[in-house]
């Protein structure tokens, strides 16, 4: 049991690793770790390492393949020692190609379901029974926990949803479907495991949003997308050219930025908005006419500009 808990912590470390060097260091440790098929399935370490075989960094991908190959060999040897001679039924099965090889990630194994485990919710309501069985199917699909434990968690989840919605109504059914879809997500085995092992209370689980239920990889990807979008939004502001062609009539400084906008009719020159960077507070001068020889000039503070929203006005000198 201690090995399983230790490997579960390692799974979280892999998911939260900041760089490739940390991932490689963890994989090097796992390479010499003695594991069994049961430990691999229960800890989900096989799934976590298996995903790294397609990592964009070649050293990480190669090392992950090496670790998986080592574990697969160890599991197959352990099974061979446990069953030194094949039974006639097994031999016939192998001949027909019915046997499915077991990988460290548990691929190829028969999924547990309420029907396969002979589970009956027995709530007295057909709709609620079916919903309990749906949650059971999601929780038990790759679990090794006893039937009674998984069934108890499924009933607790269903009961919390039933209480929150005041009965088996439309909201109740919609919430059960949403929870089922999130629990069945193959890329998020930790969510199922956390409910079964008790680290996540069923009542708390039913109150979580889809974002809260997302795997660590999904959360990291969403955060990266948000950061990229924020960075792009910073560059979406209107560009202004920097120049020293204008001089502030107050501070006599020349460092400024300017932009031009057609605020009057098309046959009139564009209006130039000049912001002097050294002025405190920054002053904005509006030049109407040619920038070199404007017919009119106004100086407005940023505060007054915000009040007048001058960029949306058509200014005509009087």
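Numbering starts at 1 and runs along the chain as displayed.
Keep in mind that glycine also has a Cβ here, set from the backbone N, Cα and C atoms.
Here the structure is a predicted model, which means the values were calculated and not measured.
The domain 'TFIIS N-terminal' feature in TrEMBL is assigned to 1-78.
Positions annotated as region 'Disordered' by TrEMBL: 79-109.
What TrEMBL lists as compositional bias 'Low complexity' is 81-104.
Annotation source TrEMBL lists domain 'TFIIS central' at 127-241. Note: the domain 'TFIIS central' (127-241) comprises 84 helix, 1 strand, 30 coil (DSSP; helix = H, G, I, strand = E, B).
The domain 'TFIIS-type' annotation in TrEMBL covers 244-299. Looking only at the domain 'TFIIS-type' (244-299), the predicted model's pLDDT averages out at 73.
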